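Q: The structure follows.
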Amino acid sequence: MKHSKLTTVSALSLAVAGLGGAAQADDLTLCWAAWDPANALVELSKEFEAQSGHNMSFEFIPWPNFADRMLNELNSGGKLCDLLIGDSQWIGGGAENGHYVKLNDFFDAEGISMDDFAEATVYAYSTWPKGTPNYYALPAMGDANGWFYRKDWFARDDIRAAFKEATGRELGEPKSQKELLEIAQFFQGREIDGQTVYGAAIFTERGSEGITMGVTGALYPWGFKYENTPGSYDMEGAVNSPEAVEALEFYKEFYETATPPGYTNSYMGESLDAFKSGQVAMAMNWFAFFPGLYADPDTGGEKIDFFVNPPQNQEGSTLGGQGISVVAYSDKQEAALEYIKWFADPAVQQKWWDLGGYSAHKAVLESPDFPDSAPFAGDFLEAMGAVQDFWQEPAYAELLIAMQKRMHDYIVADQGTAQEALDKLIEDWTEVFEDEGKL
Amino acid sequence: MSETPMTRAASATPPSVARRIKGLSDRAIAWIFVGPTIFLLLAINIFPLIWTVRLSFTDYKANRAGREIKNVGFRNYERILNDSDIWLNMQATAHFLFWTIFFQVLIGFTLAYLINKKFKGNDLWTTIIVLPMMLSPAVVGNFWKFLYQPQIGLFNYIVAFFTGKDPSSFEMLGSVDLAPWSIVIVDTWMWTPFVMLICLAGLRSIPDYIYEAAEIDRASKLRQFFTITIPMVLPFLMLAVLFRGIENFKMFDLVVQLTGGGPGSTTELTSINLKREAFEKWRTGYASAYAIILFVTVFGLASIYVKALNKVKER
Amino acid sequence: MSSFSVTEPSPRSKWFAGTLVILYALITMVPLAWIMLTGFKTPPDSISYPPKVFFEPSMEGYVNLFTTRTRVGQEALDALPPPDTWYEEIVRERDMVIAGPSKFGERFLNSVIIGFGSTFLSIVLGTLAAYAFSRFKIPLADDLLFFILSTRMMPPIAVAIPIFLMYRQLGLSDTHLGMILLYTAVNISLAVWLLKGFIDEIPREYEEAALIDGYTRFQAFYKVVLPQAATGIASTAIFCLIFAWNEYAFAVLLTSGTAQTAPPFIPTIIGVGGLDWPAVAAGATIFLLPVMIFTVALRKHLLRGITFGAVRK
């Protein structure tokens, strides 16, 4: 089965190589999440349409439904998408269940080298099993969870004085998670220009992946590990380490003392809304949104600045981002591969960054102009240097749903203790790995 | 057995007529007419049900093509019935069922009673009251979510206006205490009209002469209400409760849009939980067993209830 | 006989009852009115505190519902020729340009196709089956009827598991045909049940007379029974249509794009960076309005149908 797929792909790539851009015109559908970078990709893809003669259409699904809808589509063998920019955690399932076309032969035939892309992104978005040179995607969009804040508020003398009085420190970008919380608590409930404002918008969403993505932003800097030894599935003492418990308690305290009222089920959209409506001093969100935030007429420009998720015991940011894959059920794989070939071109990658997409190509990231090309570009490089991702196992959805439940039960619904939540999480995960035959 | 059902079917029309019918026999027509419906139901209802039973004894996962499928006997059933989290979902469902039915019966019956006073224009107002139940629960749920927003939502604002509380001081969807009630409120808003309509049909079925006779016996209005109105409407009311009970046991769309099962798992009704198991975790075998358990529960409860209903009707 | 009757309520109690019912009706309408109002607000107005009852109406929600937009920089914006349509102008004010139509039109059309397709099929099959159950002695008719009705007791998610597997095998996932068949299967139980009631009410003598006049069964059914049952068929059709129109659980699990209907789509409408409540409200209004108009216009048949379907048994 796997073998025959490989030969098909190499045959296909030969066909692509032979025909070049002169192949027949196809209607390609690219599926991704509905967010700012997706609009940039539409803009970018016009060039591909002009060059190749293929017609691009897009299916963008809002984040809360993205995983659900797309995994359902893949699992039902659907032909909606020819190209899919799937989330990093799907790579294991995509590869093992034959949803994604393996790209190695194609890369070789076209001279696309994974060495040209940032290591962290190749590892996270393209390879399965992790770290082996088996590629099922091309890194399309680097991303991590970061922070942004109201620079104008942080600069005001009255606020700075009040902060100094309250904490004995100067108000500035936090250097640790605990400073972050302190600043957020300082702003919580404060009157600014006649409006009550709150500390920070953080992720607490229950339905998809929100609260997990938020809480790992605290877990990783505290030194949280999924396993004692990588690949062993030995979680006791790692997942529920004292550091992990402390980090989890920290996140709950953050939720309870420094977020706006009603932030019980909030993710990307709510975080953006809270910030843009001037409700919060700080907010966490994916770097992907930063270009849009910077461009915002009300709270962007001079009023906003950005920082990397602060360290605590160590540096650590939650990984976002996606690779672009060819869907194995598509009838138009040749044209889809053509798209990937075009997309991997350094000139296109540079334009991708200019339009607001986060290229993972070294030609872009390592260019001397890059750190100054946007106010968050340097932060992005720093964040990507210390990213960690959730499990990327084929059973990732089961693992994620268990974590969503345990975290939301503890943090938002206030049930049990942090220790209990993590202990139960190990039980849930153990069950999953037992079913998988890995334990 | 001297005659088969089919010969009886043919004899439904007098023989003199039957002889003169041209074309197909009645028996053939009967099957041609009923056949497609039965076929469709077999294909899309019964065959899948049998398949679900079969799957419920395996560890099949629909998202894992190459994985070997093992028979696991009753293990799925054991796991579900021993899972304390699932019992919490059952409790949430029971809470939802009980209170929605309670409020819908109370308000629905009252409204029907008032409408039955036949005031001018009652027909039009009845129609307006009925509107919510005609609408798409998913869209309605999504919009109520907006009404329930603590800062900007209309619901909180109105409650704050009448109670003097700060509208951002309580979260209908976000707080563990209020969320179970927030879904009860929306369901009651949406489905009270249904109970009302059934009760109205019951009230209108009571012949006037019964009240006239009671009046002659000088029975008080209150007494008439309890000895005539209530007993006569009861079978209708019970029927409405049956329908609402079955529907709300299946409840999915409205609550998914409102709370998605949160906060934590406080409003995670069984259908929502089942969806997670089946289409998010893709534990197909396990979810099949879960589905069968739910189906048997509804069917069992409904049968017991129908027996009780028939007793009431006979009285 | 005087016009006085003991069962006729007094004017005072009528007035009292009327006031209470109207009050309830008005309260019940508030959420619906709010949906429609929100559709005409601008996004900032829609999330203002306190909620705005009076505001300057805007078509922004509707424009956002039907378009996708991209944010462009100030220089790029200045370089563009002035907007030539009113909707382009609305979008420009937010520093954005229209990138193309949104998917809402397609999804709405899917709802129409699947709704009417499945209603048509349910009615055709349902009328035939109902006629057969009404006029012929079918073995185990009562059991069959009960069986047909009991299929509605299954939670849709439970049914969806095997349907999902079956559709995947047959290539029916995310197709119009698949959804039409599925909704037909769900609707047909109610259709048969309702229609049998309507056909039972038509006296047999009419057909028998037709048969004696030399009509075949088919002709008698077609020329005598169908016209008589027209009202019943129409009101059953409306029920089927409303169900298919509103259905969410199957749609969200079995469709992803090509055949996706509006109910799973509307809650997922979001703006460029952040939730766009006016657009959601606009979508909801367009989607709910036909049903509301239907309900008010056809109230006689509809209300009778609801009680009839439930009470007959």
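The backbone N, Cα and C atoms fix where each Cβ goes, and this holds for glycine too.
Grabbed the feature section from TrEMBL, which reads as follows:
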- C:108-298: domain 'ABC transmembrane type-1' (DOMAIN)
- C:15-37: transmembrane segment (TRANSMEM)
- C:112-133: transmembrane segment (TRANSMEM)
- C:145-167: transmembrane segment (TRANSMEM)
- C:179-199: transmembrane segment (TRANSMEM)
- C:220-245: transmembrane segment (TRANSMEM)
- C:277-298: transmembrane segment (TRANSMEM)
Q: Pairs of Cβ atoms less than 8 Å apart decide it: which stretch in C:112-133, C:145-167, C:179-199, C:220-245, C:277-298 has the most with the transmembrane segment (C:15-37)?
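A: Looking only at C:112-133, C:145-167, C:179-199, C:220-245, C:277-298, the most contacts with the transmembrane segment (C:15-37) come from C:277-298.
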Q: Rank C:112-133, C:179-199, C:277-298 by Cβ pairs under 8 Å to the transmembrane segment (C:145-167) and hand me the top one.
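A: Looking at each of C:112-133, C:179-199, C:277-298 in turn, the most contacts to the transmembrane segment (C:145-167) are made by C:179-199.
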Q: Sequence gap of 6 or more, Cβ distance under 8 Å, 3 or more pairs: do the transmembrane segment (C:179-199) and the transmembrane segment (C:277-298) meet that?
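A: The answer is no, given that the two segments have fewer than 3 Cβ pairs within the 8 Å cut-off.
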Q: Checking distant contacts: for the transmembrane segment (C:112-133), what same-chain residues at least six beyond its ends satisfy Cβ-Cβ under 8 A?
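A: For the transmembrane segment (C:112-133), the list is 141, 144-145, 176, 179-184, 187-188, 191-192, 194-196, 198-199, 221, 225-226, 229, 233, 236-237, 240-241, 244-245, 259, 261.
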